[in-house]
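Data first, discussion second: the structure below is written as structure tokens.
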Amino acid sequence: MPELSTILIALGLTALAGLSTGIGALISFFTRSTDTRMLAGALGLSAGVMVYISFMELMPQAVESLEAIYSDRVATSIMLAAFFGGIGLIAAIDYLVPEDENPHETHTMNELERSDSHHKLKRTGTMLALAIGIHNFPEGMATFISCLDGLEVALPIMVAIAIHNIPEGIAVSVPIYHSTGDRRKALRYSLISGLAEPAGALVGMAFLLPFWSPMVNAICLASVAGIMVYIAFDELLPSAESFGHHHLSLLGVIVGMAIMALTILVL
């Protein structure tokens with residue numbers, strides 16, 4: 001089982017990543033429009049970090065843990081099953097969330113503000129907060145598990161998750177703020193949607209750590225890799241592309257991968 005200090009650091013980093021939805025809320029209060037170039041590049045960077053760390057760090061470490069128990073072929077087979085199992089889990093959650101409230105479906109600030117009425121705006125914000133909370137729960141568990149693997153993995157993942165939570169905070173706060181005029185309520189809804197991530201981390205800690213073993217560690221790492229790859233390809237990259245800055249998005253992906261590679265070398 002990981003040391004207590006490692007568990008506490010993992011919980012803290014997961015909480016910080018989740019609560020970054022509040023940054024999105026603050027941005028929406030003080031700007032009438034978002035810097036789409038910055039968002040496109042930042043979301044691309046997050047995708048690059050997640051894809052690189054999944055294929056170059058988490059999956060190889062999962063195989064390494066399993067090779068202490070099984071042959072190379074069996075270890076690789078179990079890792080791949082867990083990887084695609086993680087993809088299936090997050091895809092099922094994605095499918096069950098209605099499209100209009102799905103955090104993967106990009107909504108600009110102007111689109112949210114053009115809703116028909118104050119009542120509809122408030123309902124949109126409430127449903128988005130609920131949907132994002134459901135979506136963030138397995139993300140929180142995944143972030144927590146990956147953070148148990150050391151700071152060289154934990155910090156880049158935390159930053160990547162935090163960056164991709166900022167637009168989600170904007171999506172929740174804009175309709176709430178413009179329907180009620182209450183900044184505190186809008187910020188509160190955004191933060192509540194982000195609290196699902198540390199909640200997911202606590203569930204992961206309660207149900208997984210008592211049974212921690214090389215096998216459990218490997219399956220968790222491979223499943224987390226699958227979840228992160230799905231998020232990168234289904235959410236981050238389409239969202240980055242939707243802002244209309246293709247080359248900035250691609251540059252962000254490359255920079256994210258380069259940062260992750262350098263981080264692993266240095267730490």
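Each position is counted from 1, following the chain as shown.
In case you wondered, yes, glycine gets a Cβ from its N, Cα and C as well.
Note: TrEMBL annotation is automatic and uncurated.
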Which of E139, E152 shares the Zn(2+) site with H164, E168 in TrEMBL? The record says E139
Same-chain residues at least 6 beyond the ends of the transmembrane segment (75-97) with CB under 8 Å of its CB atoms are 59, 62-63, 66-67, 69, 103-104, 131, 134-135, 138, 142, 218-227, 229-231, 234
Here the binding-site residues are E139, E168, E197; the one whose Cβ sees the most other Cβ atoms within 10 Å is E197
Sequence-distant residues near the transmembrane segment (6-31) by C-beta distance (under 8 Å, 6 or more away from its ends) are 109, 132, 136, 140, 143-145, 147-148, 151, 154-155, 157-159, 161-163, 165-174, 177, 183, 186-187, 189-191, 193-198, 200-202, 205, 209
Filtered by Cβ under 8 Å and at least 6 apart in sequence, the residues in the chain of H164 (Zn(2+) binding site) near it are L43, S46, I231, E235, L236
